């Protein structure tokens with residue numbers, strides 16, 4: 001059970017009206033939260049959000065109206081709230097909370113921080129800032145009808161990162177480029193293609209056949225065959241996709257034939273790939289045009305729920321290429337387009353290209369609606385859930401401010417009251433995890449990697465920033481000399497970026513001291529040299545359960561997809577990473593029994609609960625929530641008045 | 001207009017479509033709702049269901065704006081109080097502005113035991129907030145007796161306690177209780193036999209139960225099976241029988257099956273029937289008896305108001321003891337009862353006139369969700385009572401002097417009644 005240390009009440013007992021609170025995010029939860037805060041008498045509120053208002057927000061972010069589209073969320077939210085509470089003192093920042101201006105001192109000026117965020121990177125960062133400043137944080141998230149609120153207090157409760165989060169699933173480049181087997185592979189490919197043609201080119205987002213596929217043997221004959229094929233088809237030569245497309249004037253037919261005929265024919269020459277797989281079937285523009293007019297199947301449902309067929313999608317491909325070309329040229333020389341799921345032409349392009357590729361690789365094509373959900377990583381959202389969660393946040397805030405951390409709870413909002421008579425499920429807060437690599441007193445991790453193959457830049461970007469959530473890491477090798485490997489000061493260590501770790505004498509057992517001054521966070525990284533990591537795995541964190549992700553809520557499972565343009569996030573707006581969980585949701589992946597503390601108020605019911613768990617063999621309450629669909633199937637009729645689970 | 005020909009504005013509703021699905025969205029866009037009471041929880045519900053996109057909402061209220069309302073109702077402003085506007089007129093335009101697709105109108109007659117209720121017939125769902133229990137019972141009875149029944153929801157927030165009651169009629173059909181999409185499960189093999197046996201690919205568990213039906217698609221070889229639904233007899237977690245397949249072509253490769261959703265029927269009782277033997281949700285394991293205890297305490301509060309024609313006074317210890325007594329009496333009438341929770345009754349009495357906005361927001365959200373379920377038949381509904389309390393918030397305040405809770409004529413009086421002079 002969480003113990004209260006010291007006199008929290010004294011520390012926080014200032015009146016609600018005097019207390020300064022920070023709201024991070026002015027979106028779905030943020031709008032509701034701001035309203036609740038001023039109604040509850042909070043007067044000094046600062047709100048930060050770097051996003052601007054989009055039409056798709058208006059359906060639930062009630063502080064915004066059509067006339068506000070394109071404006072700063074934080075600013076408009078502030079203005080709208082002032083209309084119903086003119087005396088509130090609200091400060092709005094149209095900015096990213098990860099900006100170094102918002103340092104530990106900034107966080108320390110608040111009595112309470114409330115997150116209303118939509119992405120893990122910012123959540124990790126705020127978690128660290130609040131730990132560093134020792135300010136309580138209320139964390140929250142929603143996805144569809146599911147929601148969660150929890151309270152984080154340094155040293156007393158779990159921090160946001162105490163429970164390992166499932167790492168984002170990445171697709172090997174060769175799966176995307178050579179051997180897609182699921183629709184998501186084709187959708188990722190289509191988004192890469194968009195960027196290659198119209199956006200920022202990224203070497204990690206190649207779309208052409210990958211001749212370095214480890215599945216291909218280095219048989220000279222094979223290589224020769226491929227070389228010949230390549231010669232025959234000049235288009236496949238290594239010119240940038242964009243340059244080539246530009247040289248054709250973005251001719252839809254030429255693009256079509258290169259992408260869906262020539263490249264596929266080239267893939268077919270890599271015959272090793274197709275020994276155990278069904279080989280792809282190239283599409284030829286002229287032949288598709290000869291096909292009778294697309295069969296109009298009588299379909300019910302909306303237009304974007306229909307699947308058009310190959311002819312339909314080649315038409316859509318052609319028309320969207322045209323539209324995007326003129327959009328690009330309107331923007332002038334050297335301009336780039338940024339993929340946006342809510343931009344019709346960009347969405348049409350990805351729908352068409354992904355479906356054509358799916359067809360080539362014998363997959364069932366999907367509707368625009370489905371593809372939008374996957375490509376845009378759309379988190380289903382509805383006003384009602386945000387309203388419930390934002391109400392619960394303020395109730396937790398009141399408990400915190402009255403010095404009653406003991407009464408604070410992690411609360412899960414379930415989709416439906418049946419089958420187990422649960423809608424809101426409060427659980428006691430767990431104490432910090434001793435092994436947490438963020439909030440432990442001396443955080444330490446062990447990472448397995450190949451020191452001869454890992455670049456310093458990869459250490460910085462993929463391990464320290466992406467995996468360990470740092471913003472600007474400094475790295476020193478504990479080699480007795482204090483060699484600086486990475487400096488957050490510009491211009492000091494960039495030359496190291498393209499060197500391998502082994503070039504600096506790093507080997508098995510080396511230790512790195514990593515500091516992030518903004519987050520006031522030091523992490524000791526132990527390295528284990530490893531030559532036999534799995535294919536496409538660059539590193540592995542020891543103790544991390546790889547791929548042991550919790551089952552995501554089923555309704556969203558389909559929509560797991562490419563990390564989208566969470567502008568608040570440090571991640572690029574397009575990447576091959578597929579979050580296993582919904583970003584909007586806090587992770588609830590506790591594998592253990594509910595901590596005994598869950599039942600702190602009544603040991604009696606805790607006992608019954610455990611018995612029940614033993615009976616049904618179900619894990620924890622947290623777990624159950626995720627497994628709910630299975631349980632739902634079994635127990636829908638369960639109507640007893642009191643359920644003890 | 002046929003449901004499938006209705007368009008949905010994807011630019012506005014995109015994120016919500018992925019929650020509700022198009023059929024439910026269209027169902028909602030054909031439904032009219034009557035919502036009474038423009039207090040803290042009423043305006044929350046109005047906001048939520050207008051954002052969600054019902055066809056029409058009638059907002060009903062007969063009170064004037066007071067300073068008090070400024071602390072609970074975010075759509076009432078100082079101006080409205082100064083000009084003595086009716087609450088419903090004050091909020092009308094601001095609610096309507098939330099969603100141009102929703103027709104919002106108002107009414108301000110007094111809704112009481114003598115009101116002719118036939119005007120409710122044009123609504124699919126009726127929600128009462130801030131209504132006396134006997135009015136609720138009457139309206140609920142009327143709704144329940146209609147054919148088809150009008151879905152009734154009662155929602156009350158008194159200080160630190162809240163209750164939601166749902167009655168969607170005798171045979172409320174839910175087309176999709178879970179809202180989960182049926183998983184496509186790939187097939188390893190289908191035997192030609194009687195019964196034919198389906199085996200899942202890669203040892204994947206099918207998760208089916210005997211009696212359910214599955215639909216087959218894209219099977220090669222045994223082509224005739226495609227598009228047909230067959231009843232399942234579970235043989236193992238990975239295989240199941242599907243009846244006679246002996247006259248079909250042999251299975252070659254490919255294909256998948258998915259569970260065919262079967263609608264479920266829920267039976268609701270009227271509020272009158274549900275008072276003595278309530279079917280309640282237990283939201284908190286740590287206090288499994290709380291719902292029945294709050295049920296009794298809130299019924300006692302209804303009785304208090306009947307007897308005294310007013311709610312208990314703020315912070316008043318005398319009234320609190322009266323309410324404890326009444327709770328005890330109510331408790332005796334319940335067939336299903338829990339031990340008396342006197343402290344709750346006292347807290348409820350002391351705060352009953354107050355308004356705790358975050359509690360109203362949470363309960364308003366939950367109630368709105370039930371409205372959507374009532375209109376769409378998607379997701380299992382609440383059966384039938386939900387109780388919530390925020391006693392943890394006021395507990396540490398017990399030691400505060402009564403004066404801390406007394407109204408001072410500003411917008412925070414409602415809040416002050418609950419948590420004292422804010423901390």
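Going from the start of the chain as shown, residues are counted 1 onward.
Even glycines carry a Cβ here, placed using N, Cα and C.
Automatic, uncurated: that is what TrEMBL annotation is.
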Between the ranges A:139-170, A:171-202, A:203-234, TrEMBL assigns region 'Disordered' to A:203-234
Write out which of the listed recorded positions, namely A:162, A:165, A:258, A:415, A:436, A:439, lie with a C-beta under 8 A from a C-beta of chain B, sequence order kept, or 'none'.
A:415
Cβ within 8 Å of the Zn(2+) site centroid (A:159, A:162, A:436, A:439 excluded): which residues?
A:127, A:131, A:158, A:160, A:161, A:432, A:433, A:437, A:438, A:440
Look up residue A:159 (Zn(2+) binding site) in the DSSP assignment and reduce it to helix, strand or coil.
coil
Give me the Cα-Cα distance between residue A:415 (SUMO1 cross-link) and residue A:162 (Zn(2+) binding site), rounded to a whole Å.
26
For residue A:436 (Zn(2+) binding site), the closest of the recorded sites by C-alpha position, picking from A:165, A:191, A:258, is A:165
Can you tell me how many other Cβ atoms are located within 10 Å of the Cβ belonging to residue A:439 (Zn(2+) binding site)?
22
If I take the Cα of residue A:159 (Zn(2+) binding site) as reference, which of the recorded sites A:165, A:191, A:258 has the closest Cα?
A:165
At a 10 Å cut-off from the C-beta of residue A:159 (Zn(2+) binding site), count the other C-beta atoms across all protein chains.
23
Between residue A:258 (SUMO cross-link) and residue A:162 (Zn(2+) binding site), the C-alpha gap once rounded to whole angstrom:
49
Sparsest-packed of the listed binding-site residues (A:162, A:436) - C-beta count within 10 angstroms
A:436
What is the average pLDDT across the domain 'THIF-type NAD/FAD binding fold' (A:9-415)?
86
Compute the C-alpha separation of residue A:191 (SUMO cross-link) from residue A:162 (Zn(2+) binding site), stating it in Å without decimals.
34
